[in-house]
Amino acid sequence: MLHIKDLIWTLYFIGAAVALEVNIVPDQGEISLGESKFFLCQVSGEATDISWYSPTGEKLLNQQQISVVKNDEYTSTLTIYNVSSQDAGIYKCVASSETEGESEGTVNLKIYQKLTFKYAPTPQEFTEGEDAVIICDVSSSIPSIITWRHKGKDVIFKKDVRFVVLANNYLQIRGIKKTDEGNYRCEGRILARGEINYKDIQVIVNVPPLIQARQIRVNATANMDESVVLSCDADGFPDPEISWLKKGEPIEDGEEKISFNEDKSEMTIYRVEKEDEAEYSCIANNQAGEAEAIVLLKVYAKPKMTYVENKTTVELDEITLTCEASGDPIPSITWRTAHRNISSEEKTLDGHIVVKDHIRMSALTLKDIQYTDAGEYFCVASNPIGVDMQAMYFEVQYAPKIRGPVVVYTWEGNPVNITCDVLAHPSAAVSWFRDGQLLPSSNFSNIKIYNGPTFSSLEVNPDSENDFGNYNCSAVNSIGHESSEFILVQADTPSSPAIRKVEPYSSTVMIVFDEPDATGGVPILKYKAEWRVVGQEKWHARYYDAKEVSAESIITVTGLKPETSYMVKLSAVNGKGLGDSTPSQDFTTQPVKGEPSAPKLVGHLSEDGNSIKVDIIKQDDGGSPIRHYLVNYRALNAVDWKPEMRVPSNSHHVTLKTLEWNVDYEVIVVAENQQGKSKQARLSFRTTAKPTATTATSASTGLGTGAIVGILIVTFVLLLVVVDVTCFFLNKCGLLMCIAVNFCGKAGPGAKGKDIEEGKAAFSKDESKEPIVEVRTEEERTPNHDGSNQIEPNETTPLTEPEHPADSTATVEDMLPSVTTVTTNSDTITETFATAQNSPTSETTTLTSSTAPPPSTAPDSNTVQSVQATPSKAEVPTASSPPPTSSPKVAPLVDLSDTPTNNPSKAVANQAGALNPSAATSAAEPPTAIIKPVTTVPANTTSPPPTPEPKQVKQEQSGTKSPEKESAQPSTVKSPTEATKDESASLSNTKPLQGEDFQIDGGTFKTPEIDLAKDVFAALGTATPAAVASGKASELVSSTADTTVPPDSAKTEKTQVEENSKPEETDVKSTPAEVKTVPNEATQRNVNESKA
């Protein structure tokens, strides 16, 4: 217990003794310049004051840089901001107490400099090849150790002598390369403090530019709208910039003629001209330096005339023509005229022309100039690039020069021109004189003067000897004058030619002669050859053109008889007349030798160059006429001959076309007659070279051949369509009508009149080319009239049907029952009468109608004489009897108003076949038949134009026969069955005529192509068909026995036939024809007996 008390008291006394103890935390301090640091002062015991004192002993107060803060009664804090070297030293913390006194504590503040890089810029750039020094300045309070590292390694260990660390710790790289480029680390170390710091420095190695021209020399041609590209290739680091200079002057981007690519390595010059020729520099520049390359642009130029001059001088003077030209290479200059070239070294012997050449210039000197030197001179400059030519005009003024024939021939009464051709510049005034008297004058009324630009003609019409003689032509201009005498001489007929040789053949003679010695002053126009048979007085003559025979001086007389003696003589003909004849020479033609002589060939190449006209001149025919010529030809380089051609003997030439260009050809012609062939006549020629195609200089709107042919075809097709449509609507015929009937079910053209028409006529052809008349009376009944369906006729409907045995009655009833068949002085025309309106005919009846004019012996125009018919042919009056001059005044049954009206036919009188007048009063009114005249062509007429109908009926062509001969011929009769079996009438012949209108009681309807024969008109008293065929109108003739027929009787027949076709007017010659079959023998026999 005692011990515890002692311990407590001991501790108490110890604590009282150390109550003002001062402790500074941290007890020491080191700080780098610029850094901040604080110290904490702790006091043990109760202190009334705690203060801080600087190393200099000054009490520190609370300041901006040094802060003193008393935290509580026991602690105080000293803070030093941004220390500097002056702040180093011992700082003291003092604690004081009133009872205890003072107590202090100290701390030593050490200040040092931290390792820093004072100057180490990055990047650092160097030029390749130089000694580079990499700068790195290090700052520290105590020395530091500096090392350099590159790519993670110390450069010292590279063992590269180029790397050296200098004394100032800089790194030197000798001859730095582009491969040395990169990051270098500068590292500092302080061993005492273990401090380390580093700095990475980027090293850039710049490479100087290198530049090279792709082409050192570039060639171009000026004025050819060319473009040229100049280019350079540059290299370096960094990439160099390129610029261009021309003759040391910068070329700016944006000039009109120049453009650059993106990096300016290429420069394009447009529309190169000679002025663009120069040295161009391309310069590459970067931080390492610059480089330059030279490009030479050589511009060649076509020659161009720079100077020419037109000149004028006087005859006999001297002048020099100068021509200058530019171009590269230097052009050579030559001279030429329109007719020849003048060389640069040319110098005539007399010194008339001298040519001297200089660089880019040439001079042409003309001495003693003549008027013929005037004209156009061409200066031609040429070099390898091209040629330029320019004309200059050289004008020579000279005195008049008179040209023309001095002697002129004519004769009295023949006007002649004396022409004075005047050459002068300037133009001259021309005057005419006769015996010193100016013409024209009142004393010379037969003289006229005609003036032209370069001539003056004096027309003299001599009427006496005084008009012949001298005439003077005088011409004057500003340079001088000249006159000339012209002599007008009276011409004479030529002298006789001289026969040198006479070479006879079988039918020709060849006369070789010499031209007359004297032409009489005027040209020989013709030669006259005269010949006669020896012993006869009559001379035969023929004229030959002097131009044709003068070339070879040979005349060939043709048309002679073989083995005959002849006399021949020649004479010449000029403008005045026929000259003297040569003495007659005898010769004898040779016997017939058979084959002809080879013809003579003359070729005329055509303008197109690849065709030729070969004239074939007939020679001796060998005594028999030449039948034809055999023509063969081929190209000489070809083996085969072209197909042989036969040319008629009356042809005088043959044309060979579409030959090859620029090829040699040979032609062989052989004449052939009945006796054989002649020898070969040969002709060789060469075609011209194929012309080059030229392009039209102006726009042409002409059409090609194909377009023209196409237009013509389309026009023709459209025309056919228009005609076909017109025929369809007007005449109910044509292709459209055929399609409508056969495919569309349209009624045929005869459907309109089937209920109105009471008789139809169809016109067909048989082998005898005679028309067949079918007549159906309204009393007849056919299978189509029994109320059943009627069959419309069409193009395929047969014309005839097999004859029904039960039908034995005559199918034709005349208006006068006593007569059914009438025979007249006419041709026989066979027509078929349909027994049903719209069905094929079942029987045929042959009637005879007149195609000849009626005889002139008719007693009256309205009288019909009754003639008894006999079984034999009726007596035929003369066919040449003229028609009567008067016409009956009766109403016409047939309207032929569309036919030609000239020479209208009169009423038929004195008909050979007449109606029986006694039957007219007793017979009932006959059924009305619808009749249409057939448009026929007489056998003896000229070729008529084709009719509009598609089916043309052919008329039998027969020669003119006398009535006497025709009456002696027996009648030809065919049975009805034979007529039925006759198949010569083809389907085309049985087609109905369309478009023909009938008027019945004012109604109009169409009928097929069916016509009644002319003899039906004769039977009914109308005009003969011959009158219709010749364009003459027909009129109805009364069928009664009275000599006069009242008009009312004719008017009872209301049927009027309108004929649409207009037969061409022709001269008809009657040809008696044969009578053909009648339907049954009983009717035929009765008719014949009545005629008898």
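Every residue gets a Cβ built from N, Cα and C, even glycine.
Look at Swiss-Prot and you will find R149, H150, K151, G152, K153, K158, K159, D160, V161, R162 tagged as heparin binding site. Here Swiss-Prot flags 754-784, 1050-1068 as compositional bias 'Basic and acidic residues'. Residues or ranges marked as compositional bias 'Low complexity' by Swiss-Prot: 820-832, 839-851, 917-929. The compositional bias 'Polar residues' feature in Swiss-Prot is assigned to 860-871, 968-978, 1080-1092. The domain 'Ig-like C2-type 1' feature in Swiss-Prot is assigned to 20-108. For 113-202, the entry in Swiss-Prot reads domain 'Ig-like C2-type 2'. The domain 'Ig-like C2-type 5' annotation in Swiss-Prot covers 400-489. Per Swiss-Prot, domain 'Fibronectin type-III 1' is recorded for 493-592, and the stated evidence type is sequence analysis. Residues annotated as signal peptide in Swiss-Prot: 1-19. Under the heading topological domain 'Extracellular', Swiss-Prot lists 20-705, citing sequence analysis as support.
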Of K151, K159 (the binding-site residues), the residue whose Cβ has the fewest other Cβ atoms within 10 Å: K159
DSSP residue counts for the domain 'Ig-like C2-type 2' (113-202), split into helix, strand and coil: 7 helix, 45 strand, 38 coil
Composition by DSSP (helix, strand, coil) of residues within the domain 'Ig-like C2-type 1' (20-108): 3 helix, 52 strand, 34 coil
Distant-in-sequence Cβ neighbours of V161 (heparin binding site), under 8 Å, six or more positions away: R174
Listed binding-site residues (R149, K153), ranked by Cβ neighbours within 10 Å, top entry: R149
Per-region confidence, the domain 'Ig-like C2-type 2' (113-202) (mean pLDDT, whole number): 89
For the domain 'Ig-like C2-type 5' (400-489), the number of residues DSSP places in helix, strand and coil: 3 helix, 55 strand, 32 coil
Counts by DSSP class (helix H/G/I, strand E/B, coil) across the domain 'Fibronectin type-III 1' (493-592): 4 helix, 51 strand, 45 coil
